[in-house]
Structures are given as structure tokens and as C-alpha cells.
């Protein structure tokens, strides 16, 4: 267990890192948030709220905003806040909600979306900030934190998708809403209880403003010629109170270096800062923007990956509806929507095995922190997603063949013949999805946190959610395109409502092919990528050397 550790210099504040001691309060907040708001927040809004970069304040304040659950619960408990029950059988009438009842409900949803979108990126970055990034114990704790943060969130979603939904549908709708509301209140209390031991890295201005300033300064000086030794002549002042680690000079995206060229028009104030930051940026600011730009191609590669995950979450439900969903020879039928639980089970079973067994073994062979790099973990997960789609195509081919050639269980009036193939055959592909997610998604979260400048870690925490949001639109576009392109094909529409008349297996092969192309793109990006603070590229010089070698004026 990580001991209380202090870090800091004469110019930087000292922090007492509590590491694992702070985790019950932060991860507990995330767990209860997932229990209370599953499937309701906007992943696009996650990015917008993260740009404010107030990790500790936002996490607490937006936990309170998430009490939109209370508003929604009140709509179920108080009769005046919802329309009366329909009495179609008795009177043939059904009174709809009034405008103010709809407004009250939308208020609850709005608060819920704002709250969840603020908690997710900020809670992640805030939790990771509790570990000392300098000490060995802090580095080990940080790597494990991302695994267990995702683990607890997944467990909470499993409970929400099973127990909470069961209460809402079979016991009481109002009680089913009251349970997550209580848990959200408990999350707020739990978070406040740990206030005294938290490490709080307060932001210094807007990080996105600094990004824009670098781009503007470089654009203004685009006609200037870069010096032969830019690490010696470019403006290199770093404020002593900056929370960002000092970065070495790198030779990628050199056009941005022009923003740090000092011209006769540029003025330096008494504190050593540029008088006009829109005309002159420091090398440190330029390198921080380079960090952001290097991350974007890696982020883009995950969009296709999320498309593959989305197909498993969607079409496996449709496949199970046309399969034998009985559990063995019993009369119990697994609900079609519950098959996603198997991917979550695969994830929560694999994470402890990987974190406690695989990582120590890999560290012995590679000598690397975490056993393998985060980019390697992402690559493994992407490869597994391709395997998943191939397995899914094979299983669908078998299901469809049995439905068309063997005696079926029954005929559904909407979907057609119900195949005699057991729905349990979907478990292997769903388990692979969970293991793939444990590699790629968790590695993505860790990658964005570590590779973004410290002042932009909340933005980094939102990038995964932003990728999910973009992939949702891309997935819808892909499905629509396949519908349109195959409607008049000889094989017929690949994705009709009756899957027995379509070729879902062909669609899975298509997604697998896209995954292969995407994996190739990712490998090229990974080979080109230089980790933040890396000294592996030519002409990389630490900022301390820049200061010492800068000629006297």
C-alpha cells in the first residue's frame, strides 16, 4: 500500500499524496454515479464540461446537479407530477401529460445529463491526481487505479441493468427510481467525507486558451524561418507556479515552433512572461500543444474500435431474439437485453487476473512499468475486437443455417423463425468483447491521462467519452449505408428485421475488415508516436538544458 508521500520543490506547492487511502471516496462516488445514471448522460457534453478544468470543484458541484434523479423520482411518487393511469379498457380514454409536467421531467433529465457529464472526466482525473507520479509506489498505484476505476464502474452498471431494472419493472417504478436517487445522495456524502485528505491541483488559467494562443502566434509568424538550433534561441521561459511538468523539445510539428521565435516587436514583462501571449509563446507551451496534436491520431483510431463494440451491444440482442434463450433444460429464458451482462462479466473477471497476475509476470520479462505500454495494450484490444467479429460472423452463420434448415422452436409474427441454436453460443464472443474492452478502453483512459499536460487532464478524461459519442454516429451511418447499398442486392438486405432473411454474418465480416484496416492505421500511429517527456527522438533537449545553454544577451 502506498504510504503518505510528499512532493514538491521550492517553487512548487507540496502535496501529501494519500494514494489508495483516498480511493474509497472517489471510486465510491463513481460507482454510485453509474448506479444512478446509467444510459442517461450525453458523451458529447462530457467533453464540453471538461474544458472548465475544475476537477475537485466540478466533481462535488456536479454530483449535486446529478440530483436530477430526485426530480425524476418525484415525478413517479407525486400524482400531480405525472398524468393519471390510462383506463383504455374501462373508458377508452388516456389523458396525456400537461406541458408543465413534461417541463418538470425534462428539468430532471437536464440536471442528470449535466451532472453525469461533469462527474465522469473530472472524477477520473481527480482520482488519478491522488497518486504521486514520481515515486515507484505512486506509479504502480496509478496504473492499478485505472483498472479498478473501470472495474467498479462496470460492476455498478451490471447491478443497475439487473437488480434496479428488475425492481422498476416487476416491483415498483417509483421504488426503482428511489434506489438510484438514494445512492446518488450517498455518493455526494461519501465524496465530501474524503475532502480533508484529497490532493487538489488548482488550475492556472484556461489550458485551451493557451492552445489557441500558440496556434495564433505560430500563424502570425508563419513567414519566419526556424533557427537551426531552436532549443537554444526560442523563447523558453516556464512560470515557477506552473502545474505542468517541464517537457523536452521535440522535432515534430515544427511549424508550431515559429510561435516561440522572438522578434523585435515582442516584449517580455518583469516576470519573464510574454507581454502579448497572442504573439509570443514559450517552447513549453508549444510542446504542450504538440502533446495534444500527437494524441488526436491515436484517439481517431479508437472510433472504429467502438463501432465494433456497438454492433455487439445491438445485434446480439436481435440474434438472441431469434435463438433458444432457455438456460439449459430449464424453463427460465434469459432476457434478450441481458446478454450484454456476459461481456461485463468477462471484463470484471479478466481485470483482477490481469492486474494481479499478468502484470507482475510481464514486468519480469519486459522490465516495463505495467508490463507492456499503454499503446501495446490498446493494440491487443483492437486485435481481439477483430477476432470477436470473426467469431460473431461464424456463430451467426450457424444460427441462420439452423433456422433455415432444421426444425425451429416457433415462428415469431414479426421476426420469423426462432432458431434452435442455444443463445449460450453468444457467450464466447461477448466474453471476448469484455476482455478486449479491458485492454483497449482502460488503456485509452490511462493514455489520455498520462499524455495530456497536467492542466488538461480533465479534457483528456473526456476524450474516451467523446470517441464513444462520435462512434455512435458513425455506427448509425454504417448501418444506414449497408441498408441502402444491399437493399437491391442479389443476396437481399443484409440487416432486415428478420435476420434469417438477411446476412448479418456478412456485416460482421465487413466490420472485421474495417477493424483490420484500422489496426494497420493504429500501428503506424503507434510507431510514429512519441510519449510525453520522451527523450528518444533526435534533437530532443530537456528544458533545463535549454535554460543553461541559452546564450547570454
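Cβ coordinates are placed from backbone N, Cα and C, and glycine is handled just like the others.
The feature transmembrane segment is assigned by TrEMBL to 57-78, 98-119, 148-167, 173-199, 291-312, 332-353, 374-395, 425-449, 461-486, 506-524.
Take the transmembrane segment (461-486) and the stretches 98-119, 173-199, 291-312, 425-449, 506-524: counting Cβ pairs under 8 Å, 291-312 has the most. In this chain, the transmembrane segment (98-119) does not touch the transmembrane segment (506-524); fewer than three CB pairs sit within less than 8 A of each other, excluding pairs fewer than 6 residues apart.
The stretch from 98-119, 148-167, 173-199, 374-395 that makes the most Cβ contacts under 8 Å with the transmembrane segment (425-449) is 374-395. Between the transmembrane segment (173-199) and the transmembrane segment (148-167), the number of CB pairs under 8 angstroms, six or more residues apart, is three or more, so the stretches are in contact.
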